[in-house]
Amino acid sequence: IVFRAAQKRSDIEIVAINDLLDAEYMAYMLKYDSTHGRFDGTVEVKDGHLVVNGKKIRVTAERDPANLKWDEVGVDVVAEATGIFLTDETARKHITAGAKKVVLTGPSKDNTPMFVRGANFDTYAGQDIVSNASCTTNCLAPLAKVINDNFGIVEGLMTTVHATTATQKTVDGPSHKDWRGGRGAAQNIIPSSTGAAKAVGKVLPELNGKLTGMAFRVPTPNVSVVDLTVRLEKAASYEEIKKAIKAASEGAMKGVLGYTEDDVVSTDFNGEVCTSVFDAKAGIALNDNFVKLV
C-alpha cells in the first residue's frame, strides 16, 4: 500500500525494498490486489531487481536492518512496516545502515515520538525516528482536534468498527492472548481492544486522559469507521459542529480531514487519500453538549 501510494507522488522515489519474499512474489503481489485492484503500471523482475514503470528497485532479504547498506542506494527515509522493529533501539539499525530518517508505520513500543497529520505535525523538530501512529489514531485525531479547538471536549468514548486484518483467523483457531481474536473473521463481529483513543492524548496532550475506546472487528476487507461520542464544554448545535468541521476540511486540514454529506457507505472510501472523512449525515446529537460523530 505504501508503494502504491508513493507511485502517485512526484516527490517520492522508491529505491529499495527489504522483505523476506523473493522478487518474483513481490511483483505478483504488487500487480494483483484483491482489495485495491490491479496495479496501474508495468511490473517485472530483472536480475533480481524489481522493475516498476521502467525503474529498477533494489531488492534484499535481510533479517537484520543493520546489514541493509541503505547508503549504497541513497535512502533518505525508511518506511519501517514489518511491525517488528518498533522501538528506537531496533529501528535505529536503519540509521546505522545509512538511512537518514525512519518512519514507523504503526505505534511504537517505547517513547518514540508520534506525529499525526492534522494533529501535531507542526511540532516535528527533525527527529530521525518517528511513529506515524495507527490508522485509527490518524482517523480520530484530526476530528478530535477540530472539536476540541472549537468547542472543548470534556470527555469522550470512541468505538472503531474495524475491517479485518491479516492477523485474524479465516476460521476458528488458537489465539492464546486474545481468545475472541481467534474466532473466524468472516463469521463474527469481534469485540477487541484498541489503544487508538488513548494515543490521541500523545499527539494532542490537551486531550490526555479524556478519551478511551474499543473496537469491533467486522467481516469487511477494507475501510473502518470511527464513532466518537463526546461531551462538549461549549454548547453547540449539530449544524454548528458540521460547519466547523467543513471549514477545517477546506482550510488548515485540507487533504487530511475530508467532509461529505452524501449517502456513502464504507466501500466508497476504498483508496481514499484523506486520513479521516467526516460523515455529516451519520452523526447525531442528544443535546447541545452531547454528540456522536462519525
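Note: Cβ is positioned from N, Cα and C throughout, glycine not excepted.
On a predicted model such as this, the values are computed, not experimentally measured, just so you know.
Going by what Swiss-Prot states, the D-glyceraldehyde 3-phosphate site holds Ser134, Cys135, Thr136, Thr194, Gly195, Arg217, and the candidate of Thr90, Thr96, Thr165, Thr260 recorded there is Thr165. Not a single one of the recorded positions Thr165, Thr194, Gly195, Lys234 has a C-alpha within 10 angstroms of the C-alpha of Thr105 (NAD(+) binding site). Residues Asp19, Arg63, Thr105 are recorded as binding NAD(+); their most distant pair of Cα atoms lies 18 Å apart. Residues Ser134, Cys135, Thr136, Thr165, Thr194, Gly195, Arg217 are the ones the record ties to D-glyceraldehyde 3-phosphate, and the longest Cα gap between any two of them is 16 Å. Candidates Asp19, Arg63, His162, Lys177, Lys234 (recorded positions) were compared with Gly195 (D-glyceraldehyde 3-phosphate binding site); none lies inside 10 Å Cα-Cα.
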